[in-house]
Every structure is written in C-alpha cells, then in structure tokens.
Amino acid sequence: MRKMLLFCILLLFMPQFTVSESCLPSWFRQERSAPEQLQSAENAAENSGSVPPDTSRNSLETNEIGDAPSSTSTPETPTETTISEAGDDEKRTEEVAKELIEKEAEYEGEYEDEKVDEEVEEALKYNEDATQDATSTLKPAVRKEIEKLKEAKCKDYCHHNATCHVEVIFREDRVSAVVPSCHCPQGWEGTRCDRHYVQAFYAPINGRYNVRLSTMSSTAQLLVQQSSTSAIPAFAFLIVMLIMFITIVVYAYRRMSKRSDDMTYTMSHMCPPEAFNVLKTPNGRHIPVHQIPSCSYTIPTPGTVPPNISSTPGSRIPTRQQAIRNNEQARNNFFSILRSQGTIPSRSINDDDTPKHYKSVPRVEVSAINYSGHIDFSTVSYQSTESEVSKASVTCPPPAHTVINIELDSADTNFRSPSRSSGEQGSPATCEPMIRHT
C-alpha cells in the first residue's frame with residue numbers, strides 16, 4: 001500500500017520534473033509551438049469577432065514533408081527565447097564540427113608518421129642509399145671506416161646477385177663489430193643465399209648437400225652418407241625385436257610346461273597307486289613275520305619255545321560274512337594303532353603349507369602306509385585253513401604279546417589279509433592274523 005501511494009505522488013509531480021525538449025532542433029520546437037499560438041489566436045478572434053489568418057493552419061493540416069525552415073527565417077510570431085536558443089545550437093554544432101576535423105587531422109598525421117617510419121626501417125634494411133643516409137650523422141672518418149669494412153666484408157659474401165649490407169656496432173664512438181647479411185632474391189634462401197627455396201620442404205638439394213659435405217672430414221662424410229642412404233639400422237632393430245619376441249614365447253612355454261609337470265607330480269605324490277592296496281599288502285611289498293604261532297598254540301611261559309604250525313585237519317575256510325566283518329574290524333583297529341603311534345598323519349591339511357597353485361587342485365586325502373618298525377597287536381586271533389577239511393574252524397588262542405616286524409627288503413612269507421572273499425585256499429604252513437570279534 002505504501003508503494004502505491006508513493007507511485008501516485010510521483011505521477012502527480014511528474015509534469016513539474018519533466019525536462020523540456022531541449023534536445024530537439026529549434027525549428028522543430030517552433031513548429032510544435034505554432035499550434036498552441038494558433039489555438040490561442042482563434043480563441044481571441046472568436047471572443048473579439050475577427051477572422052484569424054489561415055496560412056499557418058493550412059500548412060499544418062496538409063501534413064506535407066518539406067525542407068526544414070532555415071535558421072534565418074523567423075516565424076510569424078517569433079519570440080526572443082527561441083531566437084537565442086537557435087543561435088546557441090548553431091554555435092555548438094560549429095564547435096563540434098571543428099573538433100572533429102582537428103581530431104581527424106591529428107589521426108591522419110599520426111598515420112602518415114607511422115607510414116614514414118616503416119618506410120625508413122625498410123630502407124635501412126634493404127637499401128644502400130638508406131644506409132648512407134643513416135650514417136650521415138656520423139663523423140667523416142667513421143663513415144669512411146664503415147665503407148671500408150663494408151667492402152671487405154661484403155666482397156664475395158652473398159651469392160646469386162643478393163644485396164649485401166653490414167650491421168656496424170659502435171662502442172664509445174668506435175666500431176666494435178661488423179656483421180654482414182644478405183637480402184636474397186626470389187627463389188633463394190640461407191645466410192648467404194646459397195640454397196634453393198622449396199616451399200614446405202626445408203632441405204637442401206643433393207648437389208648443394210654434396211658441396212657442403214666437401215668441407216667436412218672424410219669420417220664425417222662417411223657417417224653422414226651411411227646414415228642417410230643405408231637401411232641397416234632399421235633392419236637391425238627389427239631383428240632384435242623378433243629375437244626378443246621368440247625368447248619371451250619360449251620362456252613362457254617352458255614355464256607353463258614346468259607348472260603342469262609340478263601339478264602332475266603333486267597329484268601322483270598326494271595319491272600314489274600303492275595307497276589303494278594298503279589293506280591287502282601295505283606299500284605293495286611282502287612283509288616277513290618273525291614270530292608266528294601255530295594253530296595249537298597255548299599261552300607261553302618264560303623259557304618255552306612255541307611249537308610249529310600244525311596242519312591237522314579240523315580247520316576250514318571262514319565264511320563270506322565272517323570274513324567281511326573281520327576285515328572291517330581289522331581295518332579300523334589297524335589304522336587306529338598306526339595313527340596313535342604317529343605313523344599316519346591327520347586328515348586335516350594346513351592351507352598355509354600348500355602352494356598357491358595347488359590350492360585349486362581337487363585334493364584326494366589318501367594316506368599311504370610307509371612304516372618300518374614294530375607294531376604291537378594285542379588280542380590278535382589266528383586261524384589256519386586247509387582245503388581238504390570242512391569242519392568247524394579252530395581259533396588259535398590269543399597270545400599274551402605278539403610283535404610283528406615290518407621290513408621292506410625281505411619277502412620270505414606272505415602276510416595275507418582276511419579280506420579275501422573269493423574263497424581262495426590258504427597255505428597250510430601259514431596262519432592269518434584275525435581281529436577278535438566282540
């Protein structure tokens with residue numbers, strides 16, 4: 001609401017703050033003021049009864065565009081203020097025009113000076129006359145010395161009709177250095193204009209190159225010619241790269257084959273073929289039994305010698321079910337004894353001891369028996385068999401203490417497991433150890 005009130009107040013006071021039409025030309029303001037004067041004249045005539053003039057009215061109502069009235073022409077009813085304003089405007093425009101003309105003249109003078117300076121610089125670079133003009137401020141003795149140096153330095157220095165000029169460096173009004181330079185004509189380049197100019201290929205032609213080589217030593221010429229014309233380095237590089245590639249391939253192939261051999265050895269080492277015959281013949285070798293009691297063996301006493309094995313009839317082949325049951329019991333007791341004595345390792349395998357490339361191999365945990373020592377079998381029963389007798393089997397009485405020595409090299413007698421289910425006949429001179437069934 002407060003903003004609306006402020007806006008209304010500004011609208012009321014706006015005509016007082018409006019700026020007069022000072023930016024418009026004087027003749028346009030005079031034409032704008034003419035209708036107001038005409039209206040006031042008509043009102044006065046109506047009141048007095050006289051007829052106003054129609055000249056200005058007709059000129060305004062026709063709406064024709066013509067030339068602007070001149071500043072000298074005065075309206076029919078001019079005022080002193082309009083005449084003074086018109087004079088001031090004319091003075092201002094004249095002053096502005098003069099300023100513009102002066103600035104343009106200054107810019108043209110500066111441009112001409114720059115152009116002259118550029119021409120002088122070019123003349124100093126490429127013109128002998130300009131060089132002489134530049135040295136005109138020097139002493140005559142110095143000028144003569146420069147001319148002598150120029151003749152001495154520029155003689156046979158530039159080729160192919162090139163323009164030669166010297167750059168003289170003064171120190172304490174004395175000539176300290178003279179540097180000749182050549183301005184080459186079209187088609188030549190170089191410090192002495194001795195090379196053909198080839199666009200986008202900045203290399204000397206073969207003839208000039210050979211001429212330049214003549215100034216070198218013999219060894220340098222040979223090296224430059226060999227490096228520019230021979231392809232031996234490129235072929236040598238290709239051969240070296242080929243040898244390196246073949247070496248890398250052979251090394252990788254050997255490494256892969258070695259890894260496969262290690263894996264095969266590890267698999268065979270972890271699961272040897274002899275491990276599957278451990279129950280029948282441990283380690284696949286014959287086991288000699290030093291102390292084997294006879295079938296009619298009784299509990300020995302100290303100082304007595306056990307009798308030999310009797311082959312009397314009365315023993316028979318064990319039945320299939322009894323053999324299988326005895327085999328399972330013997331297997332459990334046999335492995336428990338070996339594991340308790342530290343011969344067979346535990347089933348758990350430490351992953352830290354296994355190589356990394358073996359962890360991904362499927363593992364078969366089969367423990368092979370490699371035992372050389374004494375095994376103490378307590379409560380081991382024996383049974384002798386004979387093919388001719390079909391009576392009930394006679395069980396050997398269990399000895400108080402039986403020691404079996406397992407050796408690797410001897411192969412006197414055969415230790416046969418009661419796992420035979422095919423009904424093979426046993427030897428009458430041997431007794432098979434049996435685990436007592438409870």
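In case you wondered, yes, glycine gets a Cβ from its N, Cα and C as well.
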Inset, instruction - Given the candidates N161, N308, specify the residue that Swiss-Prot annotates with N-linked glycosylation site. - result: N161
Inset, instruction - Summarise the model confidence on the topological domain 'Extracellular' (14-230) as a single mean pLDDT, whole number. - result: 66
Legend entry - Other CB atoms, at most 10 A from the CB of N161 (N-linked glycosylation site): 9
Legend entry - N161 (N-linked glycosylation site): secondary structure state under DSSP, collapsed to three categories: coil
